[in-house]
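Chemist: Under the heading domain 'Protein kinase', TrEMBL lists 39-284. As annotated by TrEMBL, ATP binding site applies to 77.
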């Protein structure tokens, strides 16, 4: 059965969870819980290795919010405490129309709760799997993505895990960037002027990361944006192979199929030899 959280925000033992589900769900409906006497926690929206995201209702305003529940034990075990602190710090001062807003952070002995803006439209990924987007829609979402990432870079923040699963759509079908769990700040740059942590999702990583010689955080974000644009316009990944190392070779060599679109407009963001500054394409 799904996890149920008690009123203090802690995970309920299996027996108590079963009782809560049976007694409080009205005979078949999904159980909800009053969290910190501020939020009514509802259905599970998604999950990862260290966190689960739920839909919730703000009891003060009646507005929908999303609450990411982070397991402290798993964070400590994975030595990711610094990542969580960085993510909270970054999201607290991010204010951009195409970045998910963090409302507040709550915590108990075992859990951390990110109370965030709710994106009713869900993941962009869920729309892409149904087929490629029109040129106009691809252009719209790419412009919004580049606007958000340009804002991040201007404030010394590098996302480092851009992919359709981390792009949400609100009730007006506007794009929202989320999940800054792997983000880096300028204070993490080494004396050589580069970042060195290996991270990201395989199909979207830049060749500089694969080279393991350090990379510019802004440039690798722009690379990922280029891959996303390709996926939006073509409906499939530019670098794809059933073998992971085979895919990495294609990324490193810049080998991708020509799709039915104007490649000249986004070719700069998949450039193998980028210039000294990251390029933010004006895709109009």
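Yeah, the Cβs are placed from backbone N, Cα and C, and that goes for glycine too.
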Chemist: State the mean pLDDT for the domain 'Protein kinase' (39-284).
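Modeler: The answer is 90, the mean pLDDT of the model over that range.
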Chemist: What is the number of other Cβ atoms found within 10 Å of the Cβ of residue 77 (ATP binding site)?
Modeler: 10
